[in-house]
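> Below, the features straight out of Swiss-Prot:
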type    : residues                                                                : note
BINDING : Asp12, Thr26, Gly37, Val38, Ala39, Arg40, Asn41, Asn137, Lys166, Asp311 : pseudouridine binding site
BINDING : Ser181, Thr237                                                          : Mg(2+) binding site
BINDING : Thr237, Gly239, Gly242, Thr298, Leu306, Gly310                          : ATP binding site
Amino acid sequence: MEPVIIGALILDVHAKPSTTPISGTTVPGQVLFAPGGVARNVADCIFKLGITPFMIGTLGLDGPANVLLKEWKLSMKGILRREDISTPIVSLVYDTNGEVAAGVAGVDAVENFLTPEWIQRFEYNISSARLLMVDANLSSLALEASCKLAAESSVPVWFEPVSVTKSQRIASIAKYVTIVSPNQDELIAMANALCAKNLFHPFRSDENKLSIEDMFRALKPAILVLLKNGVKVVIVTLGSNGALLCSKGNPKKALNIDRKFLRSGEVFKRVQSVCSPNRFSELGSNRSPSLFAMHFPTIPAKVKKLTGAGDCLVGGTVASLSDGLDLIQSLAVGIASAKAAVESDDNVPPEFKLDLISGDAELVYNGAKMLMVHQSML
């Protein structure tokens, strides 16, 4: 079976001003509708990279749902639709640099209707999945139900934090989670939630100018909290500074994916040929519960907007893992997919050109460098 994705399908309303937004009045620009929601974006990205995920979510029987489903090509079996459900909508106002300046999210339907009972109907899909990804739009009860079903069959779980506030829902499920993918602020919020004290403070804007090594040192205590609470892999997204891959020991062995039955499709063939797994073969000797950390760079992009980048990083990584690549190769594909996302007007590009993705993944992979290996976590 292919990966299972559980979470939000949302209609995004994007307001893109031609000039700097002014409080209290309107400015000229474009207002566009775009399919969105972390889980939906991840599933769409995976599908466009040649893997067919199974999506579990909820939608209304209304106009916004019809817009969302217009280009939907995946199974509808896992998507609950009822007349009393209002399809989730998020309205975003961008600044002239393509970053979100303000937004309002009306996504209560995800928590109210995507219940443990609905999720448990798809026990077979989850128990036989390559990997389960859940987004933090789910209620705590729904997250626990999803993770327990996966744990019963040793299916790896990827937790996508969604936002600073919702990222704290990691507290009740950390022991089930294999991978998390926070940005710096979400990482701090998750660490505080797990240690039940506000020991860590939000990253200051001037700290983004630190060297990668200094940035890692600043984030390391929070990363260790997650790893010591059961999470096996922490991928910290750093925006234009790339991403950190941190794990207990060898990250290639962190996921319990049976590689005998992986499909080895087009993504695998193209990336395996340019991203040699032997480049990091020395990791194979690491059997101790030590801290591993690696930095992955970004590559130059013609940025149109930044929403969707993190979702495509996750989607590209999950698709690659499902196709047989190791975690380091897969994250390189994820970062290449994120680049394609920021160069698109949509949250997920209409298509991914695999020659460009594999070429960009090669650049990321060859630029990756280890920051720490074989140091005790104690």
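Including glycine, each Cβ sits where the backbone N, Cα and C put it.
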> Highest CB neighbour count within 10 A among the binding-site residues Ala39, Leu306?
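Comparing the binding-site residues Ala39, Leu306, the most crowded Cβ belongs to Ala39.
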> Would you measure the largest Cα separation among Asp12, Thr26, Gly37, Val38, Ala39, Arg40, Asn41, Asn137, Lys166, Asp311 for the pseudouridine site and round it to whole Å?
32
> Work out the three-state DSSP category of Leu306 (ATP binding site).
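The residue in question, Leu306 (ATP binding site), is coil (DSSP, three-state).
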> Find the one among the binding-site residues Gly37, Ala39, Lys166 whose C-alpha lies closest to that of Leu306 (ATP binding site).
Gly37
> Using C-alpha atoms only, work out the spacing between Gly239 (ATP binding site) and Gly37 (pseudouridine binding site) and round it to an integer in Å.
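Here the two Cα atoms are 19 Å apart.
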> Hey, how far is Asp12 (pseudouridine binding site) from Gly242 (ATP binding site), Cα to Cα, in Å?
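Cα-Cα distance, Asp12 (pseudouridine binding site) to Gly242 (ATP binding site): 26 Å.
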> Over all shown protein chains, what is the count of other CB atoms within 10 A of the CB belonging to Lys166 (pseudouridine binding site)?
19
> What binding-site residues in the list Gly37, Asn41, Lys166, Gly310 lie within 10 angstroms of Thr237 (Mg(2+) binding site), counting C-alpha atoms?
Gly310
> Just how many other Cβ atoms lie inside 10 Å of the Cβ on Asn41 (pseudouridine binding site)?
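Cβ-Cβ neighbours of Asn41 (pseudouridine binding site) within 10 Å number 32.
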> Please give the ATP site's span as the largest CA-CA distance among Thr237, Gly239, Gly242, Thr298, Leu306, Gly310, to the nearest whole angstrom.
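Max span of the ATP binding residues, Cα based, is 14 Å.
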